[in-house]
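The next block holds one structure in the form of structure tokens; read it before the comments.
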Amino acid sequence: MSYLVTIIAFIIVFGVLVTVHEYGHMFFAKRAGIMCPEFAIGMGPKIFSFRKNETLYTIRLLPVGGYVRMAGDGLEEPPVEPGMNVKIKLNEENEITHIILDDHHKFQQIEAIEVKKCDFKDDLFIEGITAYDNERHHFKIARKSFFVENGSLVQIAPRDRQFAHKKPWPKFLTLFAGPLFNFILALVLFIGLAYYQGTPTSTVEQVADKYPAQQAGLQKGDKIVQIGKYKISEFDDVDKALDKVKDNKTTVKFERDGKTKSVELTPKKTERKLTKVSSETKYVLGFQPASEHTLFKPIVYGFESFLKGSTLIFTAVVGMLASIFTGGFSFDMLNGPVGIYHNVDSVVKAGIISLIGYTALLSVNLGIMNLIPIPALDGGRILFVIYEAIFRKPVNKKAETTIIAIGAIFMVVIMILVTWNDIRRYFL
């Protein structure tokens, strides 16, 4: 049963993170007028799909990412060229609405035509000889029109609906929006947790066994007001003061039953592993703070949690990248879907609150990792846009596509190696 819960939790976490990321791309793409033929969650074979307006929404088998397919985002060419024989369906204005490429269709009242001239980007027309009268005719293509092949519809994208022909700014927004939406999701989750759990105060809720707070006689309800020479008004002040006094003997003042008392104690030094490449030294008294529920503090606390998490993950990513050049790199520094599944399994056992917190951190991680300047990732593609903005011309399309393809192959190889390493670490 626990495996089933973990699998469901993993699917939900993966689905939410990828959906939010890809929706960010699609939201800004559509605002820029870019046609998005497909919105996919997962990779590989399609297991579910539905069409809404001009976009086909699909769920695919492999939980290793997702994508938004945008018109003009590649070297694809229209499947029709002069000399071909196709069938066309016309609307009441005698405009082409469907260009049928084979016999796998259910359309009626269609015309066969031998294409002599055509333009699917600017002037939108087909000129050719129709079978019914063997005469040459010129047909306009409707703004909303489709290629039909094997029963599937692919909407025709004029030049002004293509990603490649947009200005650098809407391109940048479209590419950056995926990570941006991951950051927004993380911030919302952190703030939501702060509202649900309350924000920590400097009042003692519970003391830990064999820690300085217990040994000094601190009790539930004691409100810490000063550590050494540092005034305390909220829980963050406790951490800041302890970072300064470290493990030196110090005086702690607190309020109990309306009276101010003081004790001397020595904070305990602890080492906490943050990531596979970094750890944190903290000095603690050993108490759990009481929480309070207010209107505005959770917003500030959630934002602070987001900044701390983002700083931690950014530092870890920079450290990982640096280790490639210093010789300290290990695949243990990375987690693929298998590693994330293992982490979700551990987090689920701690409860839904821990799972939400992990999802928030994972969302930050996804956003930051996607901004690494590798050609197949958002960060690499943003570099192409920056080049275009600086030099007032886009990178050669064929060169860009080749570089992105090489980057994609590199990412696939890395994903395979990381997945095998995760399987070896956690299950073998």
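Positions of Cβ are set from backbone N, Cα and C atoms, glycine also.
Worth saying up front: this structure is predicted, and the values here are computed from it rather than measured.
Note on Swiss-Prot: of 7-29, 352-374, the range annotated with the feature transmembrane segment is 352-374. Secondary structure at Glu22 (active site), taken from DSSP and collapsed to helix, strand or coil, is helix. Counting residues of the domain 'PDZ' (186-269) by DSSP class, helix then strand then coil, yields 27 helix, 32 strand, 25 coil. Other C-beta atoms found within 10 angstroms of the C-beta of His21 (Zn(2+) binding site) number 26, with every protein chain shown included.
Around the Cβ of His25 (Zn(2+) binding site), the number of neighbouring Cβ atoms within 10 Å comes to 26. A 10 Å cutoff on Cβ-Cβ distances gives Glu22 (active site) a total of 21 other Cβ atoms nearby, all chains included.
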